[in-house]
Amino acid sequence: MKRLRKAVYAILRGSERYLKTDMVYLAKGGFWLSLGQIISSASALILAIAFANLLPKETYGTYKYILSVVSILGITTLPGITTYLNQAIARGYEGSLMPSLRTRIRFGLVGGGASFLLGAYYYYAGNTDLAISFLIAGFFIPVMDTLSIYHSYLQSKKLFKRSIEYFVASQIVAVGALMATIFLTKNLHAIILAYFISWTTMRLLFFMVAVKKFPPNDNKDAMVMSYGKHLSAVGIIGTIALYFDSLIMFHELGAVELAIYSLAFAPINQIRGLYKNIPALALPKLAARTFDEIGAILSRRLLMLLAIGALIAIPYALLAPYLFGILFPRYPEAILFSQLLAGVLVLVLPATLLSAAINSKISVVPKPWLYWSIVPNAILILSLFALVPTYGIAGAIASRFIFIIVSFAVSYAQWRLLAKKFKNKGV
């Protein structure tokens with residue numbers, strides 16, 4: 001076994017000459033992150049199969065609509081604080097963890113209140129299903145996603161194994177709770193309650209465990225709150241844009257069409273989930289490099305990831321009819337839409353790395369530049385407004401492609417300008 005490990009180590013070190021990457025670090029961290037994401041994707045796929053085969057399409061579509069609205073209301077928890085905190089912790093400023101958590105929960109109370117008001121609106125409009133669902137959600141919005149800050153904390157400290165162990169345990173419990181609820185009852189409110197209680201409980205548990213086992217130091221980055229609030233403000237339109245397709249589809253086309261669209265996207269999202277490892281692995285390494293060092297390898301990496309994305313997308317598009325026939329037999333109308341969405345897989349990989357490169361240098365990005373992301377997100381919202389009422393699901397898919405192309409172009413332009421600004425400055 002020792003001989004095998006030495007041989008693998010030698011191969012990884014030897015490959016670094018050609019790939020210009022710390023392959024040992026990538027293999028160690030990547031193994032745990034990939035394992036966690038595989039388990040997460042498998043759990044989510046099992047849950048999607050249960051929703052698709054055990055729930056009426058209308059109930060599933062309504063469930064997706066509620067979660068989309070809740071995700072938008074979650075903007076009030078200032079998620080941008082965690083985005084900045086990631087690279088601050090990677091630089092040793094762990095003392096900002098607890099102040100960040102308290103600030104996010106405090107601001108999240110606004111989102112909880114907004115959910116209560118939305119519930120009241122639907123109650124007076126005569127829709128008790130949505131009214132009760134948003135009443136339930138209001139109690140959990142300030143804390144559920146906020147408590148997942150422990151995940152970013154551990155990953156920024158390069159504790160990938162521990163982070164994934166906690167995440168996988170949470171995923172298994174949450175999916176198990178939802179599966180049990182779906183089998184026992186088709187009641188929408190019970191499903192919503194199971195979702196929020198399971199995730200919130202597990203995140204609270206592992207947050208406390210993480211802080212106790214790996215207590216943060218006292219070093220604080222004074223810029224966390226300031227930059228975090230700016231990043232959150234920038235993210236408002238981005239978050240709305242991310243879930244706006246579900247909102248407009250629910251209101252323009254109905255819950256059934258939203259269920260079809262969600263199922264078409266389900267396998268794509270699980271494959272995209274594997275890409276989530278890139279920022280977590282790349283950010284600690286990129287944060288320690290200068291713009292010049294990153295720029296020397298970035299273009300080659302982007303082209304390589306574009307090719308990998310194509311190698312993933314093409315086989316999926318060919319296999320989609322068979323997969324849907326086995327896993328989602330009640331949704332044959334979703335097959336063509338899912339094949340079209342496979343094109344997203346080609347573009348997301350390089351876009352993810354480019355975003356990680358920019359975020360690794362977020363502390364030196366001029367604050368007005370943070371608002372550049374408004375451009376592609378605004379275009380996405382406008383295109384959804386224009387295309388979905390006329391072209392339905394096909395219009396939503398076209399809007400997604402427009403968004404990702406514009407988003408990549410804007411990010412690439414931003415990176416080039418930043419690299420030029422800090423050229424030969426050792427930053």
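Every residue, even glycine, has its Cβ placed from backbone N, Cα and C.
Because TrEMBL annotations are produced automatically, they should be read as predictions rather than curated entries.
Annotation comment: TrEMBL describes 30-53 (among others) as transmembrane segment.
Sequence annotations record features per position, and here TrEMBL assigns transmembrane segment to 65-85 (among others). Tertiary neighbourhood of the transmembrane segment (65-85): same-chain residues 96-97, 100, 103-105, 107-112, 114-115, 118, 130, 133-134, 137, 141-142, 145-146, 149, 152-153, 156, 192, 195, 221, 223-225, 227-236, 239-240, 242-243, 246-247, 250, 255, 258, 359, 362-363, selected by CB-CB distance under 8 Å and a gap of 6+ residues from either end.
TrEMBL lists 105-124 (among others) with the feature transmembrane segment.
Annotated transmembrane segment per TrEMBL: 130-154 (among others), in sequence order.
Feature annotation from TrEMBL assigns transmembrane segment to 166-184 (among others).
The annotation transmembrane segment is assigned in TrEMBL to 190-211 (among others).
Within the chain, the transmembrane segment (231-250) has long-range Cβ neighbours (under 8 A, six or more residues past its boundaries) at 61-62, 64-65, 68-69, 71-72, 74-75, 78-81, 83-84, 257-258, 261-262, 362, 370-371, 373-374, 377-378, 380-381, 384-385, 388-389, 393, 396, 399-400, 403. Per TrEMBL, the feature transmembrane segment maps to 231-250 (among others).
Feature annotation from TrEMBL assigns transmembrane segment to 256-275 (among others). Counting residues 6+ beyond its ends, the transmembrane segment (256-275) has Cβ neighbours under 8 Å at 34, 37-38, 40-41, 44-45, 48, 52, 57-58, 60-61, 64-65, 245-246, 249-250, 312, 316, 320, 323, 328, 331, 333-335, 337-338, 341-342, 344-345, 348-349, 352, 392-393, 396 in the same chain.
Per TrEMBL, transmembrane segment is recorded for 302-328 (among others).
The transmembrane segment annotation in TrEMBL covers 334-357 (among others).
Residues annotated as transmembrane segment in TrEMBL: 369-387 (among others).
According to TrEMBL, the transmembrane segment annotation covers 393-415 (among others). Panel annotation: around the transmembrane segment (393-415), residues 241, 245, 249, 253, 257, 260-261, 264, 298, 337, 340-341, 343-344, 347-348, 350-351, 354-355, 357-358, 369, 372-373, 375-377, 379-380, 383-384, 386-387 of the same chain, lying at least six beyond its termini, place a Cβ under 8 Å from a Cβ of the stretch.
Outside the transmembrane segment (334-357), and at least 6 residues removed from its termini, the chain residues within Cβ reach (under 8 Å) are 260-261, 263-265, 267-268, 271-272, 275-276, 278-279, 282-283, 286, 294, 298, 301-303, 305-306, 308-310, 312-314, 316-317, 320-321, 324, 328, 393-394, 397, 400-401, 404-405, 407-408, 411-412, 415.
Here the transmembrane segment (190-211) does not touch the transmembrane segment (369-387). Their Cβ atoms form fewer than 3 pairs under 8 Å, with each pair 6 or more residues apart. Within the chain, the transmembrane segment (369-387) has long-range Cβ neighbours (under 8 A, six or more residues past its boundaries) at 230-231, 233-235, 237-238, 240-241, 244-245, 248, 394-396, 398-400, 402-403, 406-407, 410-411, 414, 418. Same-chain residues lying 6+ beyond the ends of the transmembrane segment (166-184) with a Cβ under 8 Å from its Cβ atoms: 35-36, 39-40, 43-44, 46-47, 50-51, 54-55, 150-151, 154, 190-191, 194-195, 197-199, 201-203, 206, 209-210.
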